[in-house]
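In what follows, a single structure is set out as structure tokens and then discussed.
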Amino acid sequence: MNQEKEWVMRVTWKVPEELITKWQGIVRYWMRTRKLDWKYRMHYQITWAWYTMSRYEIPLGQHGSIHVDLYWHLTPEKGWLSTYAEGIQYLSNRDPWYRTELDPATADSLIHTHYFTCFTERAIRKALLGQRFTFCQFPEGHKKTGQVPSLQYLALLAHQNGLRQRSQRSKTGGTRNMGFEQGAVGRMAKRHARRYQSGSQDAFWARAPVPSMELLSGGGRKESHSHARKGL
């Protein structure tokens, strides 16, 4: 008696290898700097999951976790050995236990809620008064399907982007060439120009790409950046 084949269906996004490599580098950066409790498993550590190159497990508190599976060699019968894809699923830890497929926008929203800061309720008031407020570190988390951004969020995001652009212009044009005869003075001026100045209208902060699922799935080729400091 021949055994009947059983198939497991997954929703996947076909992506190039270099995009996976870029996303993995971004994840390693945040796991190292933020001490994120994300788990990385190689293919030999995953059982009953053929064609799985690696897996990232992202805990979401006591409720559940997100599993990001990276696949390779999906169509060996056609000789497409360099075919890569990724699948995202949510696993519940509560009774009744279940798992379900996630789209990148929903996954980004869940990750944003648990791991990255966002605008607070008092951000609008602080922005109007010229006070510092916490920036949104994960803009991709607000692109959930069917979700219409509020006017307050759009205003704060525009203000945040304006501060970032003004900061970039200040960095490029703030230090002038003082000539070869004043090289020591010029170097000293450059060192002081790079520092964070109290009372300045410009906010300087380090930026780093965030581990967005939309970026990994190829939906957003442009990297989304995080702002590690607070703005005005």
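Glycine residues also receive a Cβ, built from the backbone N, Cα and C atoms like all the rest.
Remark: T100 (phosphothreonine) has Q89, Y90 as non-local neighbours, by Cβ distance under 8 Å and separation of at least 6 in sequence. Under the DSSP three-state reduction, T100 (phosphothreonine) is assigned to strand. Residues or ranges marked as phosphothreonine in Swiss-Prot: T100.
Within the model, the motif 'HCCH motif' (112-142) shows a mean pLDDT value of 67, rounded to a whole number. Residues or ranges marked as motif 'HCCH motif' by Swiss-Prot: 112-142.
Annotation source Swiss-Prot lists motif 'BC-box-like motif' at 150-159, citing similarity to another entry.
Look at Swiss-Prot and you will find S150 tagged as phosphoserine.
The region 'Multimerization' annotation in Swiss-Prot covers 157-169 and rests on similarity to another entry.
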